[in-house]
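Engineer: A single structure is presented below for examination.
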Amino acid sequence: MATAAAASASEPETDPKAGPEAEGEEDEAKADRTRRKVLTRAVATAAYKAMGPAWDEQREEGVSESDGDEEFAMASSAESSPGEDEWEYDEEEEKNQLEIERLEEQLSINIYDYNCHVDLIRLLRLEGELTKVRAARQKMSEIFPLTEELWLEWLHDEISMALDSLDREHVYDLFEKAVKDYICPNIWLEYGQYSVGGIGQKGGLEKVRSVFERALSSVGLHMTKGLAIWEAYREFENAIVEAARLEKVHSLFRRQLAIPLYDMEATFAEYEEWSEDPIPESVTQSYHKALQQLEKYKPYEEALLEAEAPRLAEYQAYIDFEMKIGDPARIQLIFERALVENCLVPDLWIRYSQYLDRQLKVKDLVLSVHNRAVRNCPWTVALWSRYLLAMERHGADHHVISVTFEKALSAGFIQATDYVEIWQAYLDYLRRRVDFKQDSSKELEELRSAFTRALEFLRQEVEERFNESGDPSCMIMQNWARIEARLCNNMQKARELWDSIMTRGNAKYANMWLEYYNLERAHGDTQHCRKALHRAVQCTSDYPEHVCEVLLTMERTEGTLEDWDIAVQKTETRLARVNEQRIKAAEKEATLAQQEEEKAEHRKRARAEKKALKKKAARGADKRKADEDAEKEWRGDEEEQPSKRRKLENSVPAAAEAAPDLEEEMGLFGKSASADVTPPSKQKERAAAALKRDVPKVPHDSSKDSVTVFVSNLPYSMEEPDVKLRPLFEACGEVAEVRPIFSNRGDFRGYCYVEFKEEKSALQALELDRKNVGGRPMFVSPCVDKSKNPDFKVFRYSTALEKHKLFISGLPFSCTKEELEEICKAHGTVKDIRLVTNRAGKPKGLAYVEYENESQASQAVMKMDGMTIKENVIKVAISNPPQRKVPEKPEARKGPGGPNVPRQIYGARGKGRTQLSLLPRALHRPSTTGAQAENGPALKPAVTTSEATEAPKMSNADFAKLLLRK
């Protein structure tokens, strides 16, 4: 519209001689584009000003005439004398064009990239590409609901370009779309005020009143923002010169005063001042009743005002309160208010749509909410399934439902099972359309073709993306077989389907065969039942006994003697073979378990030896240090008492050379002599003991656990930990005491207790968990007595499926949090990044990345999986940690197999120390040499620990002989 007018208006203004000829045609084209943008804004400004003085206040996006003249003058001067500013502008414009091309290409690959749409609209608007920006906005509005800010920006741009009645109708259509996305009081206010500008047209007055009445129905109950709509409506009615306007204003005042709204007292005072007659008693009563209601709502409204967005918990409490009262209009309003800030929370949409489905059941309202739900959260399959059911429930056209289903398939679900669920919902809908009383119909053929397409889609599209079909049990094929058997009486097709099911890896499961057998029993014949059970006996590996029992039961009831003999022979043969396989598997597992135990024992001994060497080295270093200190002290004694030293220097060697039994006679020299004659080694030990830090042991008071936190994984080298940690924890509240734990030698053990004055300070201190202190992540956890709560575990991160969070593995150890964030934010808004480290604070090459919603996480998985970072190929997946296995109790570990019990029964670390044999190592040595084994009979199986323990019976003399051999 306005683009064409601007282009035609710019043609007479073109001066081919304005710029220097040396610049060429390219410079003229650039100047032409600049001039066209300026004239477009000038034309839009003139059209905007022509709407009258009533709209001067709304001209937020308009451009003043002086600004337009100034820009036109700048464009003309730029055309005549291009300089440095123009070249900078050209570079910026070229950069924007490249970015626009990149965004358009990205949207052609993934049309559901929300941020890409927003960036493209922003750049196109900046470049003045009016036609393209309008098309981009239209395309985005068809896929996503737009926020209030995006709609207002779009509406202001279109209003500024509206020149005639057709343009005004186009703006009206945009307003109608805008008010359907979210509940937006500001958009309704803009809509009402814009409609006032068309009051001079045919039907203009009725249009204005219709808009305001709809606005009151939508947001008039809004306790904080509804007041503006009521006041705007009253001001409009006051401005109309009509005899009936007084009654209309009276009606508006009375309706408003009957609703609990903020600042009701001022409205009542205004009504008293405006009205010439006394206010009726009924109006006063309604007003006081509304005031009482307002007091009930105030705590929830104040909680919303005090909290920060998105305030989901506060809205949930408000919704629960409204649900108890049961006013449908107010329930709908509070849901809409909550969804404005929590539009990406699928559970909130599900709860809202479920209420509408079960309570209101208004077709237009229900379908509108379902449509908005899938546009906000297209990655949630439950919303699509509910949408299809709602459309069927309200009699929507079959073509519309099919189109909706196709949109669901292209929504980009996160899991393979989601595609199975949406296919099942659609196939159920198609099945309900079929009249099975007819042998053949169009609907039945459509159902069969849909089943075929579903299987093809899961095999190709889903398996290619997720490496799994999402339907390992072939539930879709099972449903198809049931329909063919029960509703179409086509057992031949059902058998073909079950053959296909069994060939997909399901033949080893007894429950699959029994499902097929039950179908044959209900709709087939005895011959096919017997055939199915015979195949099941041969193929089942999980519960073959159950299948054999079913076969024997059927033959006992219906079979002949020959059938019975065949069944008994097959079942006995099969069970015998299964038992042999189980024995071999148990032996193999026991052998592997024994090998694992031996390896674990070997590793344990190696660790113990390594630990002993470390302790020995540390003891040697401490001893050397103590010797040096003792020597210094000894030399000091020599200087202080030279006469005594000279007197006893001959006696000390004599005492050292004397026999041990003469040491008792040292007491003859008297007390002073014994003290002075103490050997140097004894004095060194005393000096070393004197160096030990005398740290008093303070018993832990369990009654203060609620105000105490346990801090661990601190550096052992930390000096004065109480002094260094106190300022860190004082930020959480007043600290009563910091109790670091020291060893007997006075070394810091790396953990401490921090006691606060108040419980809330201890809770706030838990947020310091994983904070880097001295190059290591400091662990902060509640202070809990493990003896009283043995099952207590502290793990701050979720172990369940989190669809908005990614797990990244294979990262280079040098990758920093900032570098990873720079890579991840290209695919959405990153809320948090956590690099996984060990207890020493060193990276493990793993990370968790939390996005704002599930859609962004899904797109990041597709884009980042397999990406190379610093020559490392990373793997990216939705965060779904495996379930943590709880070790069994010792009583449960004892198995009937004795030493052949697999290692898994003993837990992840094998047998405990108390289960080790106390037999000397010499008895574990093999009794035969290699030569004897080689020339003699075949080797016997290795003797287990329990057998070795029971075999030898030795006396004390035998043990003594063993010791003397060494």
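Cβ atoms are placed via backbone N, Cα and C, with glycine included.
What TrEMBL says about a protein is an automatic prediction, not a curated fact.
When I checked TrEMBL for this same protein, it listed these features:
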{"type": "REGION", "residues": "1-37", "note": "region 'Disordered'"}
{"type": "COMPBIAS", "residues": "1-10", "note": "compositional bias 'Low complexity'"}
{"type": "REGION", "residues": "49-96", "note": "region 'Disordered'"}
{"type": "COMPBIAS", "residues": "63-72", "note": "compositional bias 'Acidic residues'"}
{"type": "COMPBIAS", "residues": "82-94", "note": "compositional bias 'Acidic residues'"}
{"type": "REGION", "residues": "589-658", "note": "region 'Disordered'"}
{"type": "COMPBIAS", "residues": "589-601", "note": "compositional bias 'Basic and acidic residues'"}
{"type": "COMPBIAS", "residues": "602-618", "note": "compositional bias 'Basic residues'"}
{"type": "COMPBIAS", "residues": "619-635", "note": "compositional bias 'Basic and acidic residues'"}
{"type": "REGION", "residues": "672-704", "note": "region 'Disordered'"}
{"type": "COMPBIAS", "residues": "682-704", "note": "compositional bias 'Basic and acidic residues'"}
{"type": "DOMAIN", "residues": "707-785", "note": "domain 'RRM'"}
{"type": "DOMAIN", "residues": "804-881", "note": "domain 'RRM'"}
{"type": "REGION", "residues": "879-911", "note": "region 'Disordered'"}
{"type": "COMPBIAS", "residues": "885-894", "note": "compositional bias 'Basic and acidic residues'"}
{"type": "REGION", "residues": "923-951", "note": "region 'Disordered'"}
Engineer: What are the DSSP helix, strand and coil residue counts for the compositional bias 'Basic and acidic residues' (589-601)?
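Structural biologist: Breakdown, helix to coil: 13 helix, 0 strand, 0 coil.
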Engineer: Need one number: mean pLDDT over the domain 'RRM' (707-785).
Structural biologist: 88
Engineer: Other than its close neighbours in sequence, what residues sit by the compositional bias 'Basic residues' (602-618), given a CB gap under 8 Å and a spacing of at least six beyond its ends?
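Structural biologist: For the compositional bias 'Basic residues' (602-618), there are no nonlocal Cβ contacts.
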Engineer: Pull the DSSP breakdown for the domain 'RRM' (804-881) and write it out as helix, strand, coil residue counts.
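Structural biologist: For the domain 'RRM' (804-881), the helix, strand and coil counts are 22 helix, 32 strand, 24 coil.
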Engineer: Which numbers of helix, strand and coil residues does DSSP report for the domain 'RRM' (707-785)?
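Structural biologist: Final tally across the stretch: 21 helix, 32 strand, 26 coil.
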Engineer: What are the helix, strand and coil residue counts for the compositional bias 'Basic residues' (602-618) according to DSSP?
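Structural biologist: Grouping H, G, I as helix and E, B as strand yields 17 helix, 0 strand, 0 coil.
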